[in-house]
Amino acid sequence: MAAVQSSQASTTSRGATSIDTSGTAEADNAVKAVTEFFGFIKTLESQPSYRYLQELFDNHLDLQSECSRLEIAHDVTVERHTQLQKKLKKELAQSAEKDAQLEKIREEQSQSATKIRDLEKQLEESKKTVSQLQDTLKVKDSEIKVLKKDVANKESAIGKAQDAEKKAKDGQKASQVKLNSVQRDRDAKEKRLAELGRLAELGRLGCEMEKIPSEMIATELDTIFTLAYNLAQTHLGIDLPPSTLADTPLWDRLRDHTLARPHSHIPLPATNTPAAKSMRTAACLAALSTALHQHLLLPTYLLDPPSSSSSSLPPTLTAAHHLSAALTDLATASPSRESHLRSVLLAALPPAETDKRASLAASRATASVVGWLGPLLPSSAEPAFRRALEDFCGGVVRERWARLQRCETKVEASLEREFDDFEAWEALPLGGEGGGGSQQQQQQQNGGGGGGGQRRAGPGLDANDAVAGVVWPAFFVIEDGDHEVLRPGYVLCEAQVKAAREELAVPALSRRLIRSNTRRSKALSFPAVNGGGDGK
């Protein structure tokens, strides 16, 4: 403050002694006074108290973010506890039902054993009867020798005895056949009981799968894309500082980045024109979709995904992606087997380990995108971009995909465009500023929604559209051996990238003139925006 007063006193003194001087001297004194004032401001900013207040404000923001994260984690834990209680009740009910079935089978076995004992008793009595008849036959034979007069009667008695013996033997055979039938029935029931035991054991190995309607899945996927589009447009579809636009080495590194090579169809001119901002938005979407496809959009996290330092685009086939391809083939051939195998794989890890691996996958996806496009943002804006990506990957995508992993029908994301499948792809809606597309595309883009879960429709494709490349994956569900499109993916058409490519073709000097004219136009527009149309 003393410096300001001294400056003011000095300025007053000089003003008093230079009343009769020219207008030029007065202007110099005014400039010097302003310079001293701003020097005072910088001195104030360097004071420890000012820095202490700034640190308190930053710590307050961090604590608010941590509280929000802990509340979300608590809600997730409560929901998981509720689901586990429901699952336990269901398992107990199934166990009681199987115990009742087992008791019924045991009762049937006991009844069969009783019948067998009765038949054995009857067989023993039949044997005794046969023995007695044989003794009678011997007596009759001896009587024939003595009493020839009674031969006819004795022969008749013998015939009757033989008939009785035959009936006894026939009864013995019938009893044996019935006994064999009872034994076969008992063996079949024991086999069925063992099979039920094995099925119960297999059922406990997997997690419970959910039957989700296709419309609900499509709504979740719409929400993911809409939030991703808003994120990309908010952080990269904006005007960049002139220092960033003039940093040629930065743009060279950006275009030569490993993540940029598979997306070379997206031109990135170093300007703030509507076409350039639209291409930066598309590049952010493309990088995000590729990172999600490589790290998060997997059927299971049982196999550890690759680290972000070793990732390249298009993503190398890892063990996790080989497993996903194998599950896709199995779902095409036998959907029920694929669903059961996926449930076992999802239950192979403890929930805490699954959450840990999902968080790691989200962090890798975030680091991949920030590593490519983060240098474009000012140092003050990059942390907000990283936090937005962390919330999107670790919250929005992770929570919704965790539910889709437990869907009975396999949901699959694809970045491989089949150019004859026009139902699976749409042109990316680039927003109101356009990107060099046709008038029809612009009209359809202006009609796209921006709210969470609202369908953001892009222009449809036909055989006459020249496609530059894929920006966002298409999502399919495998039902009855066929791939059904749940949500179309997005591509960039050649007409949409034409304006940005023409900007890249302009020489560097011309681009500097364009940036200079842009800054001049903005400077001239400030008075009108502030309501000062007179230019003062």
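Glycine is treated like the rest: Cβ placed from N, Cα and C.
Since this is a predicted model, take the numbers as computed values, not measurements.
Within the listed segments 127-155, 156-184, TrEMBL records region 'Disordered' for the stretch 156-184.
Taking TrEMBL as the reference, the stretch among 1-24, 97-120 described by the feature region 'Disordered' is residues 1-24. The DSSP breakdown of the compositional bias 'Polar residues' (173-182), given as helix, strand and coil counts, is 10 helix, 0 strand, 0 coil. Applying DSSP to the compositional bias 'Basic and acidic residues' (162-172) sorts its residues as follows: 11 helix, 0 strand, 0 coil.
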